[in-house]
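Feature annotations, courtesy of TrEMBL:
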type	residues	note
ACT_SITE	Asp83	active site
ACT_SITE	Glu178	active site, proton acceptor
BINDING	His81, Asp144, Asp201	Zn(2+) 1 binding site
BINDING	Asp144, Glu179, His383	Zn(2+) 2 binding site
DOMAIN	210-310	domain 'Peptidase M20 dimerisation'
Amino acid sequence: MINKDRLLNKFISYVKIDTQSDPTSDSTPSTEKQWDLANKLVEELKEIGMQEVSIDENAYVMATLPANVAQKVPVIGFVSHFDTTPDFTGTNVNPQIIHDYDGKDIVLNQEKDIVLSPDYFEDLEQYKGQTIVTTDGTTLLGADDKAGITEIMTAMEYLIDNPEIRHGKIRVCFTPDEEIGRGAHKFDVDKFGAEWAYTMDGSQIGELEYENFNAAGAVVRIEGKSVHPGYAKDKMVNSMYIAQDFINSLPRLETPEHTEGIQGFFHLSSIKGDVEETVLEYIIRDHDKKHFEARKQMMRDLVSEICSQYERDCVKIEIKDQYYNMKEKIEPVMHIVDLAQNAMEEVGVKPILKPIRGGTDGAQLSFKGLPCPNIFAGGHNFHGKYEYVPVESMLKATEVIVKLAELTAKKYE
Ligand SMILES: [Zn+2]
């Protein structure tokens, strides 16, 4: 049995360390404080008896659990990130532990009247009777992704303490700066040396993900001509009206608020403008590669159309791809998803397979040659004060890791 109190204490000790990342910084890690937890993790990995424990100049922590079987088994890895989002403060996290949750409102902060209620967050209902860790209403919790780190650490310790469980070589990696989209950037895939890996960074119990968006960002720059309004006839060109045409020419229903599942969208995230110049910022998202390319082309065509209409080069567009759907890298090795699914079923967790409407570090890693589906870490309501995690979900995620190690070795007997 995995020790529940030990796991909980470990988790609490991690969330109390502030590791917020910062998108405006160019360094890796983006904030100095991320070293605090990174260094602690190095010490702990050594303490529990992991081998080849290393930390590089960018704070990527890696370690090995050597195989305890004679046969050749592919090296598998587990990955999670220790930074927390810049969107909400992670300073002085003061977790509250609710034992035997009664299914009712949880008062996070009496003074500020902040309540975590199943009326609004229906997911809470499925955790009646469980132990829930919440915030005190003033910070995020950091279960994203310190739950993942806790689970990997606990699973490795469990495998070391229970050598009768047979497994191949396992690699683990804890990364900085995932929340600012840079967790995979300086990940040394060759050094990691795993054939495939799993990020423990999903949300509710059962989640298993291997599809995500293809993503691009577009900046549309519209040039006008500012002239004194009193003498502007046939001279002024108001860039804001051209911007309006541009915006209205894109399909209005293909936006985040009108789409779900595997439907893609254009998202206008910012408008800044005056008569002389208007700048539109978009993000483009689509699970399907062909549709994704078509969306980008649609925007470029629209630019040409407007330019020819105004008989000048008044609109310019710059489109940058951000990340791609990992599905095309995972499908050729679907057995790694099957294994995760089997591992969940064997420990009594019902797998929930669904496409991510976002990206993961695993997607970037998959394109760097390390196929990397995403498994639940157990938390809910990430990136804000209503974040919580049931300890039972963390225990199950830990069991899934242990089972995955076992099943992978069995498969190659
Ligand atoms: Zn995360």
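Each Cβ is built from the backbone N, Cα and C atoms, and glycine gets one as well.
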Restricting the comparison to the recorded positions His81, Asp83, Asp144, Asp201, which residue's C-alpha is spatially nearest the C-alpha of His383 (Zn(2+) 2 binding site)? Asp144
Return the residue, from the listed binding-site residues His81, His383, with the maximum count of other C-beta atoms within 10 angstroms of its C-beta. His81
Sort out for me which one of Asp83, Glu179, Asp201 has the most neighbouring CB atoms within 10 A, since those are the recorded positions we care about. Asp83
Quick one: which of these binding-site residues, His81, Asp144, Asp201, have their CA within 10 A of Glu179 (Zn(2+) 2 binding site)? His81, Asp144
Output: those recorded positions from Asp83, Asp144, Asp201, His383 whose CB lies less than 6 Å from an atom of ligand 1, in sequence order; none if no residue fits. Asp144, Asp201
For a quick check of packing: other C-beta atoms within 10 Å of the C-beta of Asp144 (Zn(2+) 1 binding site), how many? 26
Looking at Cβ-Cβ distances, which residues of the chain lie under 8 angstroms from Glu178 (active site, proton acceptor) while being 6 or more apart from it? Ser21, His81, Asp83, Asp145, Ala184, Asp201, Asp361
Other than Asp144, Glu179, His383, which residues of the same chain sit close to Zn(2+) 2? List them in sequence order, counting a residue when its Cβ is within 8 Å of the Cβ centroid of the site. Thr84, Thr85, Asp87, Leu140, Asp145, Phe382
